[in-house]
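Notes to accompany the following structure.
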Amino acid sequence: MIPTIALNDDHLMPQLGFGVFQVPDDDAHRAVATALDAGYRSIDTAAVYGNEAGVGRAIAESGLDRGDLFITTKLWVDGLSRDGVRPGLEASLERLGLGSVDLYLIHWPAPATDSYLAAWEGMEEVRDLGLARSIGVSNFLPEHLQRIVDLGGAVPVVNQVELHPALQNRETIAANTSHGIATEAWSPLGQGAALTDPVVAEIAEAHGVTPAQVVLAWHLQQGRIVIPKSVTPARMTENLEATRVVLRERDLEALDGLDRGARTGPDPENFNG
Ligand code: NAD
């Protein structure tokens, strides 16, 4: 059973989902079909991943009720304007073969373009039109969130940020929490790098579970949403079963101690697409 998180617009989001970054379209079709079979119900894609069509085919063929699925996609930087959001989302929906997504995110703030505030008005519009049930952001730093909140309209439901033991992003999590924004961890396993850490290995051995399950349980026990990626069926199931792992307080503290400020992706402060 996958736990859910109540978003600030009262919709529920599965706390553990399946990510498809760097998975080519055909492979995404296969991987998402396998993930849905394994029990995943939340899928995280993006226009820029180039695999929305493959994700959509897997959804259509699954025979699952649309209401049982939670589909997220993201607006790329080239659509960051008041009038760029709706065509961006409509093109994604066309590729996905869906009438709406459960969550639409601004992929990056691209601060040098100074366009994310205008784009947020477009996000509110697509939500009001029913094309996206919930709207949120990704890779937003505290100052970007503050400017959105100061607009006085909708508060993003989620901020999806890079977050794993080697990069714990504490200031951003604190800002999310203070605004009632759920924190969603991308690259929750540090793209696999977290799994070879000796502290992680030791905790895994103590609980008789795998390193990936330890890292995912660390996120889950702190209320974060996670979207690990694997195209290997056994690992998909292994990651799903992290929901059953209960870490001790001292395990959480040891994992908290692994922060080195080490990114796997770009720094949102100076990434502009
Ligand atoms: P991740 O941390 O999920 O790591 C994925 C890698 O870890 C896999 O390629 C595999 O090699 C390994 N792995 C996964 N499960 C394993 C297991 N059980 N045992 C051993 N190894 C295992 O990294 P990711 O794919 O970069 O991130 C996950 C998702 O986050 C993406 O697919 C995407 O949906 C999202 N994402 C979002 C952004 C953004 O800017 N919003 C950026 C990057 C990723």
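FYI, residue positions are counted from 1 along the chain as it appears here.
Cβ coordinates are placed from backbone N, Cα and C, and glycine is handled just like the others.
Feature annotations, courtesy of TrEMBL:
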- 22-259: domain 'NADP-dependent oxidoreductase' (DOMAIN)
- Y49: active site, proton donor (ACT_SITE)
- K74: site 'Lowers pKa of active site Tyr' (SITE)
- H107: substrate binding site (BINDING)
Same-chain residues at least 6 apart in sequence whose Cβ lies under 8 Å from Y49 (active site, proton donor): V20, F21, Q22, V23, A28
Among K74, H107, the one of these recorded positions whose Cβ has the fewest neighbouring Cβ atoms within 10 Å: H107
Euclidean distance between Cα atoms of K74 (site 'Lowers pKa of active site Tyr') and H107 (substrate binding site), Å: 5
